[in-house]
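Novice: Just lifted these from TrEMBL, have a look:
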type	residues	note
SIGNAL	1-25	signal peptide
TRANSMEM	58-77	transmembrane segment
TRANSMEM	89-106	transmembrane segment
TRANSMEM	175-199	transmembrane segment
TRANSMEM	211-235	transmembrane segment
TRANSMEM	273-294	transmembrane segment
TRANSMEM	342-364	transmembrane segment
Amino acid sequence: MWRRTYLTLVLIRLWFALSPSYLHPDENFQGPEVIAGQIFSYPVRHTWEFTSENPIRSVFPLWPVYGLPMLLLRWLWIGNGQDGEIPPIAVFWTLRVLMFAISFVLEDWALHELIPSPKHRRVAVLLVASSYVTWTYQTHTFSNSVETLVVAWSLVLIQRVADPRQRSCVLSATVLGIVAVFGVFNRITFPAFLVVPGLRLLPVFWKRPTSLVCLTLAAAVTTVIAIGLDTAFYLPDSVTWTDLIHRPVITPLNNFKYNSATENLAQHGLHPWYQHLVGNLPLLLGPAAALLVIRPKPSIRLWSAMSGLVVLSAFQHQEARFLLPTVPLFLSSIRMPRNQTVFYIFTAVWIGFNLVLGSLMGIYHQGGVVPGQVFLSQQPDATQAIWWKTYTPPIWLLNGKNEFLTTRDVMGLKDETRSI
């Protein structure tokens, strides 16, 4: 019964991954569109994060997550004797399937490693697999979705390093150093989730200093590679060792400086410190938020999520997707109701909540933007496209049509102020 339920939920996750909802422009402009412009001949639009004097987004994590699949797809396309460039929509759906696959494999696998009790593990995996957040956000190309996986596997690696039964933790410590740097360059909020769990490593490093040396060396080498890739991407000329020393592009540092200035955050919207706690977290967890308060199960996962929540609440710009890494951690840190009646009520409310939010966010939310771009790319006579009250459409999906098609995004401007 458990396996059938789980496999059904996996198929639901795949179905949502292949639905055309558009949750936020960042799922395109902070990842796929940037790399697609490097690998294919698609004209793309780089947002301010990549074009400002002090760029705040790193391309280092984008290459393994999006670049390698695109290169493989391009190689298969050419190998099969296909002419011309791969249609962008084929790349789009490939990345959606990829995000489904890595969420299905890596997220669920991490939960299996982090939860020792088989009974609790089954409940936690089913809760995460039945969450609309897993169906929608985790199958989209968000840096937050990638951060969720990196946080989960960092906890796994910390657990392995701290395990006294391990004869040697050199390999796990080395991988942890690499993963930690990847996480920081992906999102600067990543360390917030490791503040408390990382304390478990202090006695280990005291007893096994070799592990600390391996972690530090791996992190240092990975940092140099990341800074080198970013510097090569952002500097107009060929990069030399002198450039890396005298004018390196350190995107996490730029990101931290930008988000530390209230006037910068005000451009994106300021929120009270409790926005995450009373608004965003209940929106993501639904009825499970009540169980988290009433019946929490203390664990490294819970402390990781709590430390992340506290640190992220210190920043004045707070969006629900910033809390994505906390969702599997919180859902795996609750106890189900013992009373059978309460259990059935919770289950019914949980299913209804996720079906409603899953349909809204996974199907209908800006669901016409991506199909609209594909439709426009196939219209030979189209020369003007005006988008009103939608998210900014992903330009790369036009398949080069934007050389002849002018796209104007007027966002939510009022009729009297809108001009064509």
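Cβ coordinates are placed from backbone N, Cα and C, and glycine is handled just like the others.
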Novice: So if I exclude everything within five residues of the ends of the transmembrane segment (211-235), which remaining residues of that chain have a CB under 8 angstroms from its CBs? That is, six or more out.
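Specialist: Sequence-distant neighbours of the transmembrane segment (211-235): 50, 55, 58-60, 63, 161, 169-170, 173-178, 180-182, 185, 204-205, 243-244, 247-251.
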Novice: Do at least three CB pairs under 8 A connect the transmembrane segment (273-294) and the transmembrane segment (58-77), leaving out pairs fewer than 6 apart in sequence?
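Specialist: No, since the transmembrane segment (58-77) and the transmembrane segment (273-294) share fewer than 3 Cβ pairs closer than 8 Å, they do not count as touching.
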Novice: Would you kindly list the residues that approach the transmembrane segment (175-199) from elsewhere in its chain, counting only those six or more residues past its ends and only Cβ-Cβ distances under 8 Å?
Specialist: 58, 60-61, 64, 143-144, 146-147, 150-151, 153-155, 157-158, 161, 214-219, 222-223, 226, 230, 251-252, 255-256, 259, 300, 303-308, 310-312, 322, 325-326, 329
Novice: Short question: which residues 6 or more past the ends of the transmembrane segment (273-294) have a Cβ under 8 Å from it?
Specialist: 127, 133, 309, 312-314, 316, 318-320, 322-324, 326-327, 330-331, 333-337, 346, 349-350, 353-354, 357
